[in-house]
């Protein structure tokens, strides 16, 4: 990320940008990468399908499945620390209730997600369960209702196993900013899982639950998915209701999901998507059965992506991106070409301006949204003699350093005399980012890029360098500014840890094109080389 003064100059001096440019993509095989794997194909297993088939056939009970996952969670949680709260007793009761309904009512009692254990990011409200947003100011808060996405999962038969850790109120990229604990990466417990949905990503990676919900304001689903080697989906803005999601930046926040396969992610989206009277920004756009669009490997044509045009964003493969990541992404692009697509480099001239614009807009909205945590409306109170001391003391003691810093940044950007120089200019850049993406997506079916400029880095490595941490969001924030859907699928490894560190390929589509992204992602993961995205933590246990 440019220094603050340079970022300001970029925003103030920016004028009309030229249209996106393109050139033919050429694979580069000379860059260093992790050791090559044996070429083979095979579908990524769908855990949701497996659970459903075993329940319907009577091979297993929901209680057995739940017991297996809880046993694995108890073994791995001391080292991973994905969850702030585990609702093991409630999960066991719900599984037993499901078994009784199946025994008495038959298959009609089985919803599409029956028996599927779900982790829920702790900034999504859950009835009768703590919902803290990762902040000490909400320690002990229990909402009286479920967020719409959580309610729809429960109605489909899913079992909420607990609340996953996050950077406080979603403000961070490592999950080190949680007010409760630091979550570790299942691939290497000395490294971060990403953030802010690091708990949700690590829980799926460590198979502590089947799928999980996260939120994505500037990459908080996609970057952890890349770091933890799982599939992560950020839907179009408005595709999923935000009701019950603790607001960070309301024009950017999106509820997303994680799975160990594209099919499982599609199954979750099919349930949680759709309009909601409780959220005026939710879209009435038709909801598809996304998983029904996914073609099994044995039915694929030899060139299943024939006729598809894919643009690889030129600005995401340059300075500041690790060579191993670049190599993995270019290998993935070559694989897409082998599947029949035409892959070309495309230049988005406004791409580099998205990062400073994002942090101005997100911090400005946060300064407004977080004003409710004052110790009176929400949050723990401190004893004080007057109102100002009560407000100041409650917020000072309850909010963490990163949250306070972003509130101050946003308040400054919105203050008299600085509004035009910062907030207004950032909104103008946001319009240019949207236009740049639209022009590119008018020519290409999807755009691709890395999900992060590096693989997972060491815990504490960027704690004292917030600008370096912010710069890691360069690959993802523009998608939120434009309100577009994006899917991250694991595509390779770089050196690190005992078994390598996973790298994710980000696929970006036009508004409400989640079905197309999932279809391409499903084909990609089924035909990829024989990579195993199962962390060594599971092999050891």
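Glycine is no exception: its Cβ is also placed from the backbone N, Cα and C atoms.
Here TrEMBL flags 64-518 as domain 'Amidase'. TrEMBL lists 121, 196 with the feature active site, charge relay system. Annotation comment: TrEMBL describes 220 as active site, acyl-ester intermediate.
On the structure: features taken from TrEMBL.
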residue: 121; record: active site, charge relay system; CB count, 10 Å: 34
residue: 196; record: active site, charge relay system; CB count, 10 Å: 33
residue: 220; record: active site, acyl-ester intermediate; CB count, 10 Å: 36
